[in-house]
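Student: Once you've had a glance at the structure underneath, I'll fire off some questions.
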Amino acid sequence: MIYEGKAITVKALESGIVELKFDLKGESVNKFNRLTLNELRQAVDTIKADASIKGVIVSSGKDVFIVGADITEFVDNFKLPDAELVAGNLEANKIFSDFEDLNVPTVAAINGIALGGGLEMCLAADFRVMSATAKIGLPEVKLGIYPGFGGTVRLPRLIGADNAIEWIAAGKENRAEDALKVGAVDAVVAPDKLAEAALNLIKGAISGEFDYKAKRQPKLEKLKLNAIEQMMSFETAKGFVAGQAGPNYPAPVEAIKTIQKAANFGRDKALEVEAAGFVKLAKTSAAQSLIGLFLNDQELKKKAKAYDEIARDVKQAAVLGAGIMGGGIAYQSASKGTPILMKDINEHGIEQGLAEAAKLLVGRVDKGRMTAAKMAEVLNGIRPTLSYGDFGHVDLVVEAVVENPKVKQAVLAEVEAQVKDDTILASNTSTISISLLAKALKRPENFVGMHFFNPVHMMPLVEVIRGEKSSELAVATTVAYAKKMGKNPIVVNDCPGFLVNRVLFPYFGGFAKLVSAGVDFVRIDKVMEKFGWPMGPAYLMDVVGIDTGHHGRDVMAEGFPDRMKDDRRSAIDALYEAKRLGQKNGKGFYAYEADKKGKQKKVADPSVHEVLAPVIYEQREVSDEDIINWMMIALCLETVRCLEDGIVETAAEADMGLVYGIGFPPFRGGALRYIDSIGVAEFVALADKYADLGPLYHPTAKLREMAKNGQSFFG
């Protein structure tokens, strides 16, 4: 062994060839943390000092190559002063450059995935050979930053500026054949031939068959584009990418600007340009929020994984109530490998459920994401039925009937009598108390809530609701089933609206107050979309359904009358009474028409103002900032209450629930991180300015205490 560390080893293979292997002890994947970087420095120095070494193969001892930097280190690193952060970045880059400058040829053997710093390590090698099943990419823009280990410098010099911009700005993973096509790798081989191919390639480079110095040289020089080509390439890309990313996600455009600024420099000067831009992005609130989201997501997955120890495997599922929701649940279950019975009380419901599943499957086949044979297999995994005949073998039943407590209780009691004693029953309710529904059951310990969001196939969140009598086994099994379905489960405790809807309705409450104060709902939508929401509150209410919103608001008002009950008629009441139910019947706040593709498109409908006139009680001067505050303060304070009440266990889960469940702007990180970004003390002072709007705007005593003590939700 030439070098041995905890993350990297260097050992002799044959004829002066050595293998530099990444294999981080105690971890399932390789990543660039401080330890790995320090050991890479030592390994490179060791190789450089050994004159007997003729070539280096870089490999991984794990199923993946390197997944990138250790994101957990970003939080503290990014708090460093700019100059210190730039110096640290350049010091790390010196390691990669020294590896690139070795007086012997180098080959990277890429298995599994090589992302971020993992791919940047490969780019520093002279040659890259890739397993046919591997994927490579630079996903840093998803964290609000761009590649910082030479990715913006080496990749454009290797595959051309246009291709590099596409890879870096999109941040996606790229398959082996695509990587070979653009020249990011030199060869693609079967996974079991990777080591052999890398060895043959390095031997060819040592013998002079392949000129490694000629291969290396373009990465050390300026970009081969003249001034006109640069202008056309970069200016066009900046305009297009800015339109795609939007103003709240600066990283993709900054990456292009960095490539452009460094285009006329050699490698070392170009790396300085990269470092300066990287640090600039690292200090943005978008980067801090998106990195926080990534870490929250990791925490969420870790918590969900902990339930695996006691969870039972769901081999056969069932859904009660077909229709669009039931069909969506059936599709999701069957497409992820769990066969499911789909029961309804009539043929129409069954037909609707099957049509929904078939529509989703056909869509995947049409886009080339699924074969016709796989589609047939998934459809065979959905068995429609009008009876309980086969329910004796079911492990978990999802009840998805109408949102009415009496109907749900009757259906749940009925199915409980038809299943095994240990079958888990889960209600897909959006607002009704699980403990209330459990009163109809003989085995309430086997009962939980399992709240899917619409449309099921697109929305990543599932709330798993623990009732007063729910067992940990029932909770764990439901969490495991949700994960198996490809969802991100969050366990919450029971209360009206659970987490997501309990927080969403105060947001809608703020919206209703604005309309009643004479603020045009179209203006409100525009302001909130500019703030970062995927759609404004009026449009969202139309999509959800005015009737659904009306019912949900009443449930929430009954559950929290002190702050959510409003005796005045509101815009929701006016539209509901006028039978303007939103997208579902073509008229809500907006009118809806089918476009050429048959997709519902919203259009202005002047007649709605007549409907809303009776619920406008004043004409108040309200700024755009006021609009944001009326809505966001109510939402944020209810999130704080959910955390304080123990409805959700951690700030991370609360924030992820809102990002995954209602599209809270990711670049703002979630409600609690949004409070942190303002400052807890500043947020409390801001809320106090709107105290006249009612109890929804009154900070809790605990939040005031946090403000007084200079505390935050995320350290």
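The backbone N, Cα and C atoms fix where each Cβ goes, and this holds for glycine too.
Sharing the record's features from Swiss-Prot:
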| type | residues | note |
| --- | --- | --- |
| REGION | 1-190 | region 'Enoyl-CoA hydratase/isomerase' |
| SITE | E120 | site 'Important for catalytic activity' |
| SITE | E140 | site 'Important for catalytic activity' |
| BINDING | D297, N501, Y660 | substrate binding site |
| REGION | 312-715 | region '3-hydroxyacyl-CoA dehydrogenase' |
| BINDING | M325, D344, V401, V402, E403, K408, S430, N454 | NAD(+) binding site |
| ACT_SITE | H451 | active site, for 3-hydroxyacyl-CoA dehydrogenase activity |
Student: Taking every residue in the region 'Enoyl-CoA hydratase/isomerase' (1-190), what is their average pLDDT?
Tutor: 97
Student: Filter the recorded positions E140, V401, E403 down to the ones within 10 angstroms of H451 (active site, for 3-hydroxyacyl-CoA dehydrogenase activity), Cα to Cα, kept in sequence order.
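Tutor: So the list reads none.
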Student: Taking 10 A as the limit, how many CB atoms besides its own sit near the CB of D297 (substrate binding site)?
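Tutor: 17, counting other Cβ atoms within 10 Å of D297 (substrate binding site).
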Student: For the NAD(+) binding residues given in the record (M325, D344, V401, V402, E403, K408, S430, N454), what is the largest pairwise C-alpha separation in angstrom?
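Tutor: Largest pairwise Cα separation, rounded: 20 Å.
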Student: Near S430 (NAD(+) binding site), how many other Cβ atoms are within 10 Å of its Cβ?
Tutor: 22
Student: Using Cα coordinates, what distance in whole Å links D297 (substrate binding site) and V401 (NAD(+) binding site)?
Tutor: 31
Student: Does DSSP put H451 (active site, for 3-hydroxyacyl-CoA dehydrogenase activity) in a helix, in a strand, or in coil?
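Tutor: It is in a strand.
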Student: Let me make sure I understand the span of the substrate site: among D297, N501, Y660, what is the greatest distance between any two Cα atoms, in Å?
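Tutor: Taking every pair of listed residues, the largest Cα separation comes to 20 Å.
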Student: Sequence gap of 6 or more, C-beta under 8 Å: which same-chain residues meet both conditions with respect to Y660 (substrate binding site)?
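Tutor: Spatial neighbours, sequence-distant, of Y660 (substrate binding site): M459, P460, L461, N488, I490.
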Student: Here are the binding-site residues: M325, V401, V402. Which has the lowest count of other Cβ atoms within 10 Å?
Tutor: V402
Student: Which has the fewest other Cβ atoms within 10 Å: E140, D344, the recorded positions listed?
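Tutor: Each of the recorded positions E140, D344 was scored; lowest Cβ tally within 10 Å is D344.
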Student: Here are some recorded positions: E120, E403. Which one has the most Cβ atoms within 10 Å of its Cβ?
Tutor: E120
Student: Can you figure out which of E120, E140, N501 (the recorded positions) comes closest in space to K408 (NAD(+) binding site), comparing Cα atoms?
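Tutor: That would be N501, nearest by Cα distance.
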Student: Around the Cβ of N501 (substrate binding site), how many other Cβ atoms lie within 10 Å? Please give the count over every shown protein chain.
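Tutor: Cβ-Cβ neighbours of N501 (substrate binding site) within 10 Å number 22.
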Student: Counting across all protein chains shown, how many other Cβ atoms sit within 10 Å of the Cβ of N454 (NAD(+) binding site)?
Tutor: 15
Student: Can you grab the distance from M325 (NAD(+) binding site) over to E140 (site 'Important for catalytic activity')? Cα atoms, rounded to a whole Å.
Tutor: 35
